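Encoded as structure tokens, the structure appears first; notes follow it.
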Amino acid sequence: MSYGYFYNHALPSIIRQIRKIKKFHEPKFYAVAVGRRVGIYRSWPSCKVQIDNISNAKYRRFDTHNEAIAYLEKTPIETPLPLQDHELLTKTTKFDHHHHHHDDNIEMTSLDSDSSSIVYIDGSCWRNGAPDACAGIGIYWPGSPEQNQSLTIDGRQTSIRAEIWAAIYALRQAKQLGLNEIIIYSDSHFVIQTATVWLYKWKRNCWMTSSGSEVKNRYDMMALDESIRQMKKVIWRSVPGHSGVPGNEEADRLANAAIADQEQQQQQQQQQQQRITIANSESIIVNDPNKNENETKNNVN
């Protein structure tokens, strides 16, 4: 084989094959927008568990984590519609910051503690992905209703950011209450996986993804990381969403109540503005100089 033939024909073919093999083995990100548990999964089997027997399931595969997040942020949230009754058994995984390993099916992390305070968190977003989206968070403290929080968030209004900031506010509140340890219950696979898997990797990589792009919602993630580090111990536990778990239902109610309150306030402001506009218009008509001049002429005649 001549050098020219190898350079012009054989080498390009080899390079193409290498690229195909590399692309085949690159990690994929499966974003589930409507399913048993909204989130981003690293393997098809773990994604499939979330969408099997869900008639209106919405999911897509992406090459990068940022693309997967963007998909979740722009996809309207819907309630999953099961085709039949089912029971989803999830796996319990212990998370250790010093001996960390990735687990595709991580649903819950536990560092057993009986002395920690318990809090349920949830984020909600009405019209997720639309220009007029509105996001809220709910923080429910069992047995301490005076500590419950029902708030809307600043910045971009998305379901992902609502889930993240629900965790941040709960952690900050725990610190203000003088707590060193806390157990956080969430129905968000995304938040739990972010807190126990991705934050660790992103920090090591200077807040860059494995594909070399900046982590999406970077400053939200940094705020979450800082809030976690302020606590002595944070225990993340998974709870199935919309399944009648009292604490989770209360957190969901608080999140949606915050949005409803803001929407009502905005509606009242719009109605008030409309009344002012109408009143101003009527005032202009009453004081119209042309109208007064015409009336004077008519009276003279």
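Note that Cβ sites are derived from N, Cα and C of the backbone, with glycine treated the same way.
TrEMBL labels come from automatic prediction, so no person has curated them.
Note that the coordinates shown come from a computational prediction; the quantities given were computed from them, not determined experimentally.
Under the heading domain 'RNase H type-1', TrEMBL lists 113-260. Secondary structure by DSSP for the domain 'RNase H type-1' (113-260): 64 helix, 35 strand, 49 coil.
As annotated by TrEMBL, region 'Disordered' applies to 261-301.
Secondary structure of the compositional bias 'Polar residues' (275-284) per DSSP (helix as H, G, I; strand as E, B; remaining residues coil): 10 helix, 0 strand, 0 coil. The compositional bias 'Polar residues' annotation in TrEMBL covers 275-284.
As annotated by TrEMBL, compositional bias 'Basic and acidic residues' applies to 290-301.
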Positions whose Cβ lies under 8 angstroms from the compositional bias 'Polar residues' (275-284), at least six residues beyond its ends:
none
Mean of pLDDT values spanning the domain 'RNase H type-1' (113-260):
91
